[in-house]
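Features of the protein shown, as given by TrEMBL:
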- CYS161-CYS200: disulfide bond (DISULFID)
- 39-257: domain 'Lipid-binding serum glycoprotein N-terminal' (DOMAIN)
- 272-474: domain 'Lipid-binding serum glycoprotein C-terminal' (DOMAIN)
- 1-30: signal peptide (SIGNAL)
Amino acid sequence: MLLSDIMTRGAGEMFPSIIALLTLISVSCGQGPGLQVILTNKGLQYGKHVGAGWIQDRLNNITFPDISGKVLGAIHFTLTGITITKCDFPEPSVEFYQDATGFKTSMSGLSVALAGWWKTQFGIIHDGGSFNLAIFSVDVTSVVGLGKDADGRLSVTSVSCDANVGDVDMQFYGGASAIFKPFVKYFKGRIRGEIQRHICPKLEEAIVMIEEQLQAMNVSFDVDQDVTLEFPLTSLPVVNASSMNLGLKGEFYSIKHHEEPPFKPQLFAVPEQQGYMLSVGLSEFTLNSASYGYYLAGLFQALINDSVIPPSLHMHLNTSEMGPFIPQLPKMFPDLLMNLQVYARDAPLFSFQPGAIKLDFHGAVKAFAIQPNHTQTPLFNLNVDSDFSGKVWVADGKLKASMGMNNLTVTLASSEVGPFKTDAIEKVAKLGSTVFMAKVNEILGKGADLPRMKQVVPVNTVLQMDMGFIAIFSDAQVLTDGDFD
């Protein structure tokens, strides 16, 4: 049981770190994923190395339960106050295991030296003292399978486990230890058997605990008060000899109107890059589902009135100042303030192409005259159609972008004041868009920090734009407490 606790604590730290790396980076049958996360062998080995180091640093703080039993059928013994005095903790080997769709972990040659106190009872005779215990050449092999539950959560199961303890050496001190020395071989056999018998069950208990934690995880969360993101697995994890691929739904919904968008996710394949620890594929479907969710939530609309016009422009939003654009308007409705209801006719849609991102926006403007009694009289409707192109990249640890407007057209959809030309309005709109895009690019050029999870930060990150998706390749660095000083 001593070594089984060491192994259990090791599994309890190593496996969760690996699982967290896979899930954080967690429906409907047959649906293609909107997000893909690929863990390469480089990432797996780094996670194993960090986990093994973490365990090694904390071995001296491990406490062990008492061990009690019988030898020779009548002598009761208890080993208590057990601590580690030395540990040769070889770094385990971890590999993707295609046969079980999971991982195979092996550790060979683990040796531990422990010290503690012994107590014995034989009838009314009680005795006690100290002891040293050395455990040599422990080999453990465990296979963990990965799957998904009915709700799309990642699941883990123990597929197989094999453990062998090479030898045990014990030395007793104090009390009548000299009397018990001839029986050391019986203690050794019992202790060796107890340790070997408990290693795999303890590992399996740790895996069950991880599974319980995974089942408690949410596969959706509210991004804000308007939209929620669902990210359950869409299929079983795909494991080969060099990587593991998780396909996630990656779909945004309006919280108030949980409605499927009028487009479906398209299959895409993120190129595997073994030179990086992690690859993430973001489809245009995921981004467009966010756009559709915000569209249903009513965020792509605004009311423009005279109060929002900056004083520095020395103009007002009224029928008189619209005269140069619509000559009949000030004659029909003289000196009346106006409201402009600006909104998207459809959800703005993004498309990803090699080296570029494109955006189509179909908007509309409804104009109203505000009567002296505060009622609104409809004037005209304009359609404003524009398309943009840009690029996204990673630099200095930040996600940066730039956008440019390719075209903007203004057409008259309907009018209560009669027909009029929109050329002059379109010219002013293009001029205003130029100023607006300059400010947008100033913000996009500053960039945003790449996402990180707790003490894991991305490093050496590159971004590649492809047809229908963006691929991000990155290494990761686990920060210790000292890195935050």
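The chain as shown is numbered from 1 upward.
Note: Cβ is positioned from N, Cα and C throughout, glycine not excepted.
Note that TrEMBL annotation is computational and uncurated.
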CYS161 (disulfide bond) CB neighbourhood, other CB atoms within 10 A: 19
Please average pLDDT over the domain 'Lipid-binding serum glycoprotein C-terminal' (272-474) for the predicted structure. 92
Other C-beta atoms within 10 angstroms of the C-beta of CYS200 (disulfide bond) total 19
